[in-house]
Amino acid sequence: MPITHVALSPSPIPAPTSCASPWIVIPTTIPPLNSSQFPTIPLSTILLPASGAPHPLWEAFANQPSLRAENGIKFPIQLTATTPIALTSVVVGFFSTGEEGLFDEETIEEMITKGLDDMRVVHTGDIVRVQWMSVLARVRLCEPVDQGVITEDTKVIVVKESRGKKTGEPEDGPLANGIDLNGVDDSDSDEDVLSQGDDDDENNVDLPGVSTFMDIATTLGTPSISTPLRNGPGASISGLSDAPKVVKFTAKPLSQKIPTTLLLPTPPAADDAEARVYVRVNELMGLGCFSGDWIGVASDHGLFGDRLPNGSRAWRPAKVYSLPELYAGKEKVKVLMKGCVYMSPLLHANLGSPSSVVLTKSPFMNPSNIQQGALLSPVTTAPPSSATPQIPPTAKEVTLLRISTPISTDRALQPSLLAGLKTYFETSRKMVKVGDLIPVLIDESLGRNLFSPAALLPPDAENAEEIPGAGDELLYGSHGGAGIGVNNTGKLCAAWFRVGTIAPTDEATNAFSNGMTSQQWGGVAIVDPGSTRMVQAGSERGRIPPTLNSPWEYYLNIVPPPIPNNPPPIHPALELPNNYISPVHRRLRELISAATSLRSIKLGLAPLAVLLTSTQRSIGKRLLAYRAASDVGVHIFHIDAYDIIGEGGQASDVKTEAYLRARSERAASCGIENCVLLISHIEAFTAERMAEALRDIVADMRIVIATTTDVDKVPEPVRNVFTHELEVGAPDEGERTGLLRQITQERGVRLAKEIDLSTIALKTAALVAGDLVDVVERAMTACSERMEGLAAEMEGVTVRDIQLAGGDASCLNKQDFEAAVDAARKNFADSIGAPKIPNVSWDDVGGLANVKSAVMETIQLPLERPELFAKGMKKRSGILFYGPPGTGKTLLAKAIATEFSLNFFSVKGPELLNMYIGESEANVRRVFQRARDARPCVVFFDELDSVAPKRGNQGDSGGVMDRIVSQLLAELDGMSEGKEGSGGVFVIGATNRPDLLDPALLRPGRFDKMLFLGVSDTHHKQLTILEALTRKFTLHNSLSLAKISETLPFTYTGADLYALCSDAMLKAITRQASKVDQKIKEMENPVSTAYFFDYLATPDDVAVAVTEDDFMEAKKELIGSVSQKELEHYDRVRQMFETVDEKKGDATVDKKGKGRAIEIMVDGPGTGGEGAFGDDGDEEGLY
């Protein structure tokens, strides 16, 4: 029978949490019809062979919560056809459980290879069947995907593992009945865990370990049916106490919804999913209830909590369910979840966002017995009679109050808002209580596109009067509705309502008159879509749940749930997303919280105006303001200055001021203590009257935030309006790592196991948040192209097959990120000034071992141990290379940048000069600011003597060079003080005239590390340089570089040796070209040179080998760039800077004029200590 490969996945398909695929590929056959061997199989059914060997399907499905023990071992799956991928390599780990030396490794390798051949599809984690049971082997790694078929070209690698490693035999649990219970981890029974973590519980439940496949099917989705706690309201409770138990739990809001199909008993489709709480199965007995029972939930705020007028704690009913096994995790992780109750963030917010809550079984508790200072005291109540309703009463009429936000007050979104409100209550029977917050999701882009004035207002006149802004559409603008709850893509946003009043039905009113009170259900009522009347009666000002401790944006899918790079120990739905928070974000959040707090308003504190500045665009200032306001729970109203600014004279300024005041009034209508006014591109307000308008707006609001990318263009009167200025600088390496992690998680990007985001962040120096988003998107594009190329190489394989197989090939890997970073640097280098890392290594530098050691001492220590300089300790960040020209000072600086993965800035003297007063010094400041933004970075000043000569000796009338030197000295001092933000910037200067430099540059803390780069004084050093220069040449076998170096004089610099090698290669090329020309002339049929090289040339004709004669001829024509007299002069200069005159003493006092100045200049670096100069004077040549 033909074999067909299919991919299976549990239904519903679980969300991926790593690069592993939720699908598993298996081979299948379709049995013939009307065969006695194969009975009739129902449709949509797959039969799996029952054998003692572990089937990969069991392992793949063992951790999935959708397995159901219904009519045997049957469970819902999804199936799709696929083509298996041919594996390039398979790594198998093994160890022997028998005596050592029983089998040699070659025999074991043969057995494992034979076992792999018998497997039709190999999966990562599969157990390989071998002939002897004393040898256990498991597939550890498959490439390029996690599952595929073995071919003749597949490379099998067998590795012996230590028996003590847990990844050996009991990696995922013991083998029971020939089946490996991967992921069911019953190495520690529930009894052991409960005895460790739940000693304070009186009724611990003994959950037996799983030992058979039937147990897998019966325990993964629900609590074990073998326990005394069987699920369902009708279960027996003969062994339980009649008094309801009251337990205190830590409240945890969910970041993702738990699917209803995973709960047992399965709730009705019409039940409100927001009125459910989830606990571990063993904690249900502590409550004395079963999964699916009604319980009472109340906040535990102590004396300051939300209480009723009679002093009792406000509470509400909810249904309690046990966490599915997928969410509960392994037993050792469950200890971390002890005493936690999980609930919807909306329910958590309606309870008052408490840190802890109390739960009790009885929903008919008497609130008067819930006194201050006590938890919910157990109340002995009679069993409810048949007349007592088992669900909360149905509301006859519910009045909703609209929370005034920029979204809910936007005219263009009113039709979508009403439609979303209707959809919210029609999906299920919602349970509401007076004061509850209700979110309504709408598509902002779609709502604006479908906006029609004819369908603008609801039919009732009251609502029409409450919608403000019935004026010019410009008052609202295209971005006026952008507020809290808008996701990054601008698709979904949330508008909020609050429940005002609830009118009970006639039946509920009669029940209350017969002795029941409305508080028997905590004041909660059910909204029946068919009978309850919904009324929107006005609006109110208020806040929404802060996202700092409530993941409601993820829960409502406004922001996509993050995919962690590594599977966390606790399911992501049970944890708050760990987003990166920058120091500026934290500071801005504190300012917003302080300005909008009730205490500051009561004390009459002045409002705050914050100006966010940056030197680069797309750095994330506006997004920073949105997230800071979202953390506090206030709304944000955005105004783009370029949208309202007019063109023309004074009349346009008047219109701009009017539009600004009108929009600020709309922001104030949402509540000055509940709304933040955000103005972007504040530099566009250049008119004088705008400063007065901004001052009035700030006085009417509690906090105003403005952004600009060029603070120098902001008029001084406008800038004086702001009380705080926060600079959003380019992110450093740690901040870029956090941003990359957050970007990849929010976009649901799966990363390969080899990816280290800190390494990627190191290569993205000088890139800001917007650029990092582009890098991730480019990497995603590169990943798609790579998978398309991989699929094209394999016959019949598509990209979809690779994605189903999973593994690193279907995820973003190092290759994708490298291509994305390279492309981003090439495209953004000119626009944002991102410096490039030169591709020069130490292999390009000949010798200089002592110079390399000195450089590593200066640069490597601050990079690897920054904590040594964190408290203000000065570091040595300045290096000065001096010596004859052509010794490779520039090349050495580039090699330093490459060796330490530093960015490289090369500054030339004319770049800093400007004809306007003050601009030259500003250019120096900009250079160092760009370096700080791109740190770790090297700033290289070539020909430093032309940039910073001695002050007072220049003839320019304005003293430009003197001011440049002074500014350079100030920046160098800032680099060495060890202040925050100054680390990671190293300054390197190069000059062949150090005697012309300003003496102040050579003092400690500036260029205090002076290294002399001279010519090679031995033939061995010349040989080292020649080997570095010719490492990419094709040298003739008879050529000896050592022989060539012995003929060279000691006056050749590195540049001279480079010219020698280049001329030798040129002569070799000329010689080979002459031979080819002669060969063409000797041919019978004359052909062109191009035709010869295209069709007739042999490898020997195009091969160019440099011979000794080529070097000798090049040497005859080479003239050294530095004479012997010049070298002697540089030696004297070196001695002047690196030696101490023993005879120097009182005679120095008698020196005057130039002699005295030279002595002062020499004394400067001389006092820097012996470590400031070369150690033994044995300098090597360089290139």
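Each Cβ is built from the backbone N, Cα and C atoms, and glycine gets one as well.
Remember, it's a predicted structure, so these values are computed and weren't measured experimentally.
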Where Swiss-Prot places region 'Disordered' among the ranges 1136-1159, 1160-1183: 1160-1183
Neighbour tally for P884 (ATP binding site), based on other Cβ positions within 10 Å of its Cβ: 24
Model confidence over the region 'AAA-cassette D2' (878-1070), averaged pLDDT: 83
Which of T887, T890, all binding-site residues, has a Cβ with the fewest other Cβ atoms inside 10 Å: T890
Most Cβ neighbours inside 10 Å, all chains, among the binding-site residues G883, P885, G886: G883
CB contacts for K889 (ATP binding site) [other CB atoms within 10 A, all chains]: 25
For G883 (ATP binding site): DSSP state (helix, strand, coil): coil
